[in-house]
């Protein structure tokens, strides 16, 4: 019926008699709610909040990937500044539950209440996504690692052991969220249960054979959410267009939620595109996927909702330094996000908007320390062209109210005079405004294609432009051409320049349009009769033509900003792309809808965070990285402007703005990293090392509930003994002689391991980007065996995290251990890992922060540790880089302290840079520690990441900083590593990071550490 109606609407629209059919389209889709509130409603077209339709343009960030609560404001202000109406976040069960007796939502960055409070202060709705499973390229997909042993079943089902495990966490996060719902005046609008759990059906979803176990699990999650106060709509995110799970339109089977959604990563969620072919098919750059028919078939009575749409891609081990932004950069943002609009999507959340890092052991094996994700906000918190390109569309969707209710009237090349260009016509059945999303017929092609567009307007069918040069799609680009677009009390008959935003000052609208640099635009304002040029910066060939009961304007815009005024009170600002990147529309209200009278327009700065109007004073906050002008369009009553609290000397321009200038920030220089000290960190390799202390446990279990049984006994799975992260040390004892040992270790992609016998190095598995398990037959031929005392074989292995989804239970540890040439075998094994195991010795940094290296267990990485008896390291200097070297296969820990004194009223981002000197071996692994936090894993033999941003709060910008590097040499060549740091960017900023008191995030060394030697 829907498709037939759409075809009828296309025909009627072309004939100009569509109103009756449009009325039918409206009445076909009644508003729905969940029966618990009518604040959040929805229908076929969009979500509706407090009676208003909204285009939800959201972006994801993970607070646990930036564990400095003060910086959450920075990320959220940048998301808001880009025109977004919402943001989303995963809550991490793992981050809050170090063991099965603890749920911590109060310590440090584990207190998530500031996120909800910031949302209300800044004016953005929240999509809350608590799991309990989240995927997210997180260790075990966000499961706490104590559930990966098999003791809690196979997970993600209705097994009571698993239910009892997740219930305390899920109850707590649900109760917290329940206090911040939009139904009670706060800003959380939906609550997602589980994640990409497309398991409602056994086999082919079209056969609708229920998976009763999965349904029972979803019912448990739903009941918990409702029992603990959630009245918001419950949502899910299908992992792809094949699963059709949990939507009421598809089936009335159990487990259904209020609103289903679809996740999509059309250019692959990883830089390793081979991982996505089973979902997306063969990879073709910039090839789009069709969503409209999926939503029409799977959930026609619901909005086209995408809880995750590709905001970038994660960088796997072996991927390029800095990620793979080539086909997921600003062109991707321009094309694919507009494509979604052409598919009638009215709610989408970009995954990720800010990725951040994977400090400690937060990552799954698929990725390294960086979680930059090529997101619009980089992991160092800078914004780049992709951010600005995304902003151009998000600001448009925030202002285009009619876009929230449209039908797809038709699509194809018949709309254009160039067969290389196609258009999708969306039309609002109530207002008759239309949106023509234009694309290359083959979106993988990047040719420069000129075209005219046939549009149906209130003045009849027109072919535009009529006077200006043709519309162009130059490169991997898309454009949305509007007709009968309402701005304030005025109407735009059509515009071939894209709408950026608009605002109404003193009852007169200011419309902002933009074109790519050097291109032409044409627009027609209904009711206008005369136009004039008030500012021409880069404009040419300006024409005003009276027609269609209004005034048509055509012009070409090179670099700069042009301002036109019309006799009906309309002001039009036309920008080229570069100028549009530096154009902002900060809200004067915390209403996410941002009413048309509640914003100002600003051109010039690197970032505008906020604006507040008080009487005749406009207070603007933001960032400046270079000297720039500040051009402010505001109500006439504004007489003075401040920037970050300082008065700006402004003057009135002839085009109605207040204009001033902003100075560049003062430069800074980081002190050199020098005066290194070092000490061996592998005493455990020697046979006479005493492993009877608190750090060690007997590895003596003869059974396991893990579905993967070991080849040999005892069970040498580290998680079974409460040690879950990174480096673990196994000491296997045996008496008498043996010719060698066969050892098989599993640690995840890019893991490695090394072996020593009685202090003598035997061999290493160096690792690679794909191998998760590796065995070696170790020869004892050249080693010294003891005949009168026990021999000790030390196995040091790291792991790169636990696998995601069904792989979360894959063991980490020794799968098989056999002596060769010996009948007696190993007498016993001892195991050490993170100091205190699951006891959460350092609740601020958390159990995922540390591995089992001696240096970490005893706290050499912590501020305040006394290294006065250490010898100073004679580190070589390569330019400003310190080169730290040693010989032999061992682990060595390097340590220094360095002060910072960052000036006030600035935002500074700092990265460490690790390197391997030319000609030196890459057969080593290293970990970077900053004030006790492990903030980088450097595996030069495998990966390419060399730059490690470390945020303020982890770094002390007004004090001493403790820097540590643990280097594990996997060959007798030893290792040489270079280390330096650099400023990523410096901004004059309202953030004023140097003034923050963050010392509570950096607890120091305590005597308790001594017992873990």
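Cβ coordinates are placed from backbone N, Cα and C, and glycine is handled just like the others.
For 1-21, the entry in Swiss-Prot reads signal peptide, with the evidence type sequence analysis.
The substrate binding site annotation in Swiss-Prot covers 90, 135, 136, 137, 195, 265, 373, and the record cites similarity to another entry as its basis. The Cβ of residue 136 (substrate binding site) lies under 8 Å from the Cβ of 62, 90, 92, 142, each of these being in the same chain and 6 or more residues away along the sequence.
Marked as N-linked glycosylation site by Swiss-Prot on the basis of sequence analysis: 100 (among others). Under DSSP, residue 100 (N-linked glycosylation site) is assigned to coil, being neither helix nor strand in the three-state scheme. Counting only same-chain residues at least 6 apart in sequence, those with a Cβ under 8 Å from the Cβ of residue 100 (N-linked glycosylation site) are 144, 146, 147, 165.
According to Swiss-Prot, the feature active site, proton donor maps to 196, an assignment based on sequence analysis. All chains included, 20 other C-beta atoms sit within 10 angstroms of the C-beta of residue 196 (active site, proton donor).
Sequence annotations record features per position, and here Swiss-Prot assigns N-linked glycosylation site to 211 (among others) based on sequence analysis. Listed in sequence order, 199, 200, 201, 202 are the same-chain residues at least 6 apart in sequence whose CB falls under 8 Å from the CB of residue 211 (N-linked glycosylation site).
Summarising the environment of residue 271 (disulfide bond), the number of other Cβ atoms within 10 Å of its Cβ, over all protein chains shown, is 22. What Swiss-Prot lists as disulfide bond is 271-324, and the listing cites similarity to another entry.
The annotation active site, nucleophile is assigned in Swiss-Prot to 308. Just so you know, the Cβ of residue 308 (active site, nucleophile) picks up 25 other Cβ atoms within 10 Å once every protein chain is counted.
Spatially close to residue 411 (N-linked glycosylation site) yet at least six residues away along the chain are 342, 422, 423, 424, 425, judged by Cβ distances under 8 angstroms. The feature N-linked glycosylation site is assigned by Swiss-Prot to 411 (among others), with sequence analysis given as support.
The annotation N-linked glycosylation site is assigned in Swiss-Prot to 442 (among others). Cβ contacts within 10 Å of residue 442 (N-linked glycosylation site), excluding its own Cβ and spanning all protein chains shown: 14.
According to Swiss-Prot, the feature N-linked glycosylation site maps to 456 (among others).
The annotation N-linked glycosylation site is assigned in Swiss-Prot to 626 (among others). Here residue 626 (N-linked glycosylation site) comes close to 606, 664: these same-chain residues lie at least six apart in sequence, with C-beta atoms under 8 angstroms from its C-beta.
Under the three-state DSSP scheme, residue 735 (N-linked glycosylation site) falls in the coil class. For residue 735 (N-linked glycosylation site), the same-chain residues 6+ apart in sequence whose C-beta sits under 8 angstroms from its C-beta are 790, 791, 824, 827. The N-linked glycosylation site annotation in Swiss-Prot covers 735 (among others).
Positions annotated as N-linked glycosylation site by Swiss-Prot: 768 (among others). Here the Cβ of residue 768 (N-linked glycosylation site) has 16 other Cβ atoms within 10 Å, regardless of which shown protein chain they belong to.
DSSP assigns residue 775 (N-linked glycosylation site) to a strand. Around residue 775 (N-linked glycosylation site), a 10 Å sphere centred on its CB holds 16 further CB atoms from the protein chains shown. The N-linked glycosylation site annotation in Swiss-Prot covers 775 (among others).
In this structure the C-alpha atoms belonging to residue 271 (disulfide bond) and residue 195 (substrate binding site) are separated by 22 Å.
Neighbour counts of Cβ atoms within 10 Å were taken for the binding-site residues 90, 265, 373; the minimum is at 265.
The subset of recorded positions (196, 308, 324, 456) lying with their Cα within 10 Å of the Cα of residue 265 (substrate binding site) consists of 308, given in sequence order. Counting every protein chain shown, the number of other Cβ atoms lying within 10 Å of the Cβ of residue 195 (substrate binding site) is 24. Taking the Cα of residue 137 (substrate binding site) as the reference point, the closest of the recorded positions 196, 324, 456, 775 is 196. Spacing of residue 195 (substrate binding site) relative to residue 768 (N-linked glycosylation site) is 30 Å (Cα to Cα, whole number). Among the recorded positions listed (135, 196, 308, 373), 308 has its Cα nearest to the Cα of residue 442 (N-linked glycosylation site).
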